[in-house]
Amino acid sequence: MAVIELHDVVKTFGTTRALDHLDLTVEQGEVHGFLGPNGAGKSTTIRVLLGLLRTDSGTVTMLGGDPWHDAPTLHRRLAYVPGDVSLWPNLTGGEVIDVLARMRGGLDEARRREMLERFDLDPSKKARTYSKGNRQKVALVAALASRADLYLLDEPTSGLDPLMEAEFQEAVLELKDEGATILLSSHILAEAEALSDRISIIRAGRVVQTGTLAQLRHLTRTTVIAETDRPATGLATVPGVHEPELHGNRVTFDVDSDHLDEAVRALSGLGVRSLAAHPPTLEELFLRQYGDEVTA
Amino acid sequence: MSATSTTGPATSPAASPVTGVGHLLRLVLRRDRLRLPLWLVGLGGSIVASALAVPPIYDTPEKVAGYARTVGTSPVSYLMSGRQAGLDTIGGIVANEISQVAQLGVCLMVVFLVVRHTRAEEESGRAELLRSTVVGRHAATLAGLVYGVTAALLLAAITTTSMLAADLPAGGSLTYGVGLALLGVAYTAITLVSVQVSTSARGALGLAGAAVAVGYLVRGIGAMQDNALVWLSPFGWAQGMDAFGDERWWPAALLLAFTALLLALAARLVAHRDFGGGLLATRPGPPRASRLLHTPLGLAVRLQRGLLTGWAVGLFLLGVLYGAVIPTVPDLIASNPDMADVVGASGQAAEDALVDAFLAYIFLFMAVVACGFVVASVLRLNAEEEAGRAEVVLATPVSRTSWMAGTTAVALVATAGLTVLMGLGLAVGYAVVSGEWDQVLPQVGGQLAYLPGTLVVGALAVALFGLLPRGAGVAWTAVALVALQVVLGQLLGLPDWVQAISPFWHLAAVPTDDFEVVPVVVLVGIAAALVAAGLWGYRRRDAVAG
């Protein structure tokens, strides 16, 4: 059953089209990575899901309801971490956590204590004195300290140090084990790779690819690095091989996953001394998706 | 080029504490290319209109003499505009009529503009980005000073030009303009000190705003009692230059010396404090939220606590001060028999009529001041939304209506509370001086009679926020228009339909006139409709982010 379902959603601000016929489905109990560069429409999508923005057209369903009309009711079951956390400067971090959690309908005291400790946060400091990372922690603790069915996390680790990032990843996996659904927007690919069951890539307001990591990899290329007895000069003519680079007897090239067999056969004819191949990382997926801009 | 073009900062000739001030000023002017002209057009326009309106009204020597006898001896006029020199000339009359708008206007203008480009920038973190470039430690302060001085000079130039255009004597017009400019410069310096003291822009605005209020009140009370108190206020010094009278210049030196002293203090504070820090340190607070903070209403109360406390103290003291001068109002009849003719009575009746007229004006004036609170309070909605803090609350089960209603309720109920407090202040001030405590109910009641006008202005801000999120700041224009109607409406001879835009114009002038129920009911109805429109509009529009 889908927890989030956006279909053909359009949202414009003046003349800019922020969401351009966007489709997105998040299934019950999954961690769904929502990847895209800055300005692709990630935060706009999340604000539509929160009922803060009204769509121009298309249908939006979240937790079985319409976010625009049923926002307060639906919000009993979700927790949100904004991408750019702004806190009330004259309230302490502890007060902010309590205010938000109570407004959400309740606070798990044990969880609050645990999260404060795990994220190493001093709750008695005024919000205006917190650093960016500490403001982010306040928002994280506030969201994680209350139990929800759905967590909307908008670039939740921006400003966190690697230690805290690891702590965050662990907390997300615990939530998943408890059966929660998580929409995790990010431009940090390693994070999405480590946590996500499925991934959607958004670009210029529309989802351009969606699927499990394996499915996305299937669509893409494998990187091969090989050393051969004779220089691999003829590789460029093998179908599916892209941009072979020769350095003496060493060759590096990408090959479409369904042409891997031909490429390896061509190599073995040359006498393979060493061979390394790795599936594409999300970085590479990403580069391909936006490759035209990167290489341009 | 040669290798010298890459010399480090140690040998660079440009590395002074005010390096980069030119860049900062250009940035300030670019950011305020609309804001500064609006201040100048708004204030300058009222000043020009008044200066040109006065001469045709007082076109015979008899009328001029009449002004000197009546307005020139009125306690309200002393309190609000001080003792202006040369009231038996057209120049003095013009100066007296524009003084409230021009003097308070120039001070508030520099306070808002200077805080905006100094402490507000530092608090937001934008100044940090600038300070990482080649910008000296004192450059921001100097840029603030130059900007404040420029704004004050421009307004003063408009004022002097409009006086000359009204065929007033050149000497008086110039003296008045110089006094006005130096008053603005002095408050620029006060603001530059207050932005060092407080770590928040709101705190700095509060301190500098309080300094404006204190200076204005001290001058008013000193003028009313005709004593040396006026010399404790920059307002008194500016007026002490006696434009259109003796035209003395030594009070200008007083203003300049005061300014120099404060600037030295500000520079010292800048040099000794951390970037982002102030004199008032932030202390740790409670690690847990109190029970009150469970609801949007509780949160709104907590967020407005500081604003509310500041205004409550300020307005109560304002009431006490005005109350304290009530018993001295009848003395003015003794010193000026013509006054009795003006109020159309004699003896005790004349005294009562004069006191009533004084009270009616004070009630109205304080109700208009309270409009400043109600708009500031309602527009917290805007600030919360633009900072993204509304978003986190609205992502909880709190509905838009209850979030908005929380702040609205705090703003309107607090306004009613402040109104009672102002009335109490008047009664207390009166009782302390006269020893009579029987005026509590009439004065609280009288002040409350003007509350519906203030509520309409607040409700307008609510409606604007709900319907026109980006235009909610227009509510401040409404406050300015209401203030102008009260201060200048009669002088400018504005047609009734224009004056009728101000809600206060419809209310009975209690206690001079009897209380009328109908306008109160109508205004409260309008306020309710505006609030409802705002709440309705906010349910339909996008929540603004960032």
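Keep in mind that glycine also has a Cβ here, set from the backbone N, Cα and C atoms.
Using a Cβ-Cβ cut-off under 8 Å and counting only residues 6 or more beyond its ends in the same chain, the transmembrane segment (B:36-58) has close neighbours at 29, 64, 67, 90, 93-94, 97-98, 101-102, 105-106, 109, 113, 151, 154-155, 158-159, 162-163, 165-168, 480, 484, 488, 491-493. Residues or ranges marked as transmembrane segment by TrEMBL: B:36-58 (among others).
Sequence annotations record features per position, and here TrEMBL assigns transmembrane segment to B:101-118 (among others). Using a Cβ-Cβ cut-off under 8 Å and counting only residues 6 or more beyond its ends in the same chain, the transmembrane segment (B:101-118) has close neighbours at 28, 31-32, 35-36, 39, 43, 46-47, 50, 140-141, 143-145, 147-148, 151-152, 155-156, 159, 180-181, 183-184, 187-188, 191-192, 194-195, 201, 204-205, 208-209, 212, 215-216, 235, 238, 484, 487-488.
The list of residues near the transmembrane segment (B:139-164) in space but at least 6 beyond its ends in sequence, with Cβ under 8 angstroms from a Cβ of it, reads 17-21, 24-25, 28-29, 36, 39-40, 43-44, 47-48, 51-52, 91, 94, 98, 102, 105-106, 109-110, 113-114, 117-118, 121-122, 127, 130-131, 170, 172-174, 176-178, 180-185, 187-189, 191-192, 195, 263, 266-267, 270. Feature annotation from TrEMBL assigns transmembrane segment to B:139-164 (among others).
TrEMBL lists B:176-197 (among others) with the feature transmembrane segment. Listed by sequence, the residues of this chain that lie at least six past the ends of the transmembrane segment (B:176-197) yet keep a Cβ under 8 A from its Cβ atoms are 95, 102-103, 106-107, 109-111, 114-115, 118-119, 141, 144-145, 148-149, 151-153, 155-157, 159-160, 163, 203-204, 207-208, 211-212, 215, 234-235, 237-239, 241, 243-244, 251-252, 255-256, 258-259, 262-263, 265-266, 269-270, 273, 278-280.
Packing against the transmembrane segment (B:204-224) from elsewhere in the chain are residues 75, 78-80, 82-83, 103-104, 107-108, 111-112, 114-115, 118-119, 187, 190-191, 194-195, 197-198, 230-236, 239, 310, 314, 318, 321, 324-325, 328: each is 6 or more residues past its ends and has a CB under 8 Å from a CB in it. Positions annotated as transmembrane segment by TrEMBL: B:204-224 (among others).
Sequence annotations record features per position, and here TrEMBL assigns transmembrane segment to B:249-271 (among others).
Listed as Cβ neighbours of the transmembrane segment (B:307-329) (distance under 8 Å, sequence separation of 6 or more from its ends, same chain) are residues 75, 79, 202, 206, 210, 213, 217, 221, 224-225, 351, 354-355, 358-359, 362, 366, 369-370, 373, 376-377, 380, 410, 414, 417-418, 421-434, 443, 447. Look at TrEMBL and you will find B:307-329 (among others) tagged as transmembrane segment.
Among the features that TrEMBL reports, transmembrane segment is placed at B:358-379 (among others).
TrEMBL lists B:409-433 (among others) with the feature transmembrane segment.
The list of residues near the transmembrane segment (B:448-468) in space but at least 6 beyond its ends in sequence, with Cβ under 8 angstroms from a Cβ of it, reads 363-364, 366-368, 370-371, 374-375, 377-379, 381-382, 404, 408, 411-412, 415-416, 419-420, 423, 474-475, 478-479, 482, 502-504, 506-508, 510, 515, 519-520, 523-524, 526-531, 533-538, 541. Per TrEMBL, transmembrane segment is recorded for B:448-468 (among others).
The annotation transmembrane segment is assigned in TrEMBL to B:475-497 (among others).
Here TrEMBL flags B:517-538 (among others) as transmembrane segment. Beyond its flanks by at least six residues, the transmembrane segment (B:517-538) meets 400-401, 404-405, 408, 412, 449, 452-453, 455-456, 458-460, 462-467, 503, 506-508 of its own chain at Cβ-Cβ distances under 8 Å.
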The transmembrane segment (B:409-433) vs the transmembrane segment (B:358-379): 3 or more CB pairs under 8 Å: yes
The transmembrane segment (B:358-379) and the transmembrane segment (B:249-271) contact flag, 3+ Cβ pairs under 8 angstroms: no
Within-chain partners of the transmembrane segment (B:249-271) [C-beta distance under 8 Å, separation at least 6 from its ends]: 137-138, 141, 145, 175, 178-179, 182-183, 185-186, 188-190, 192-193, 196-197, 234, 237-238, 240-241, 279
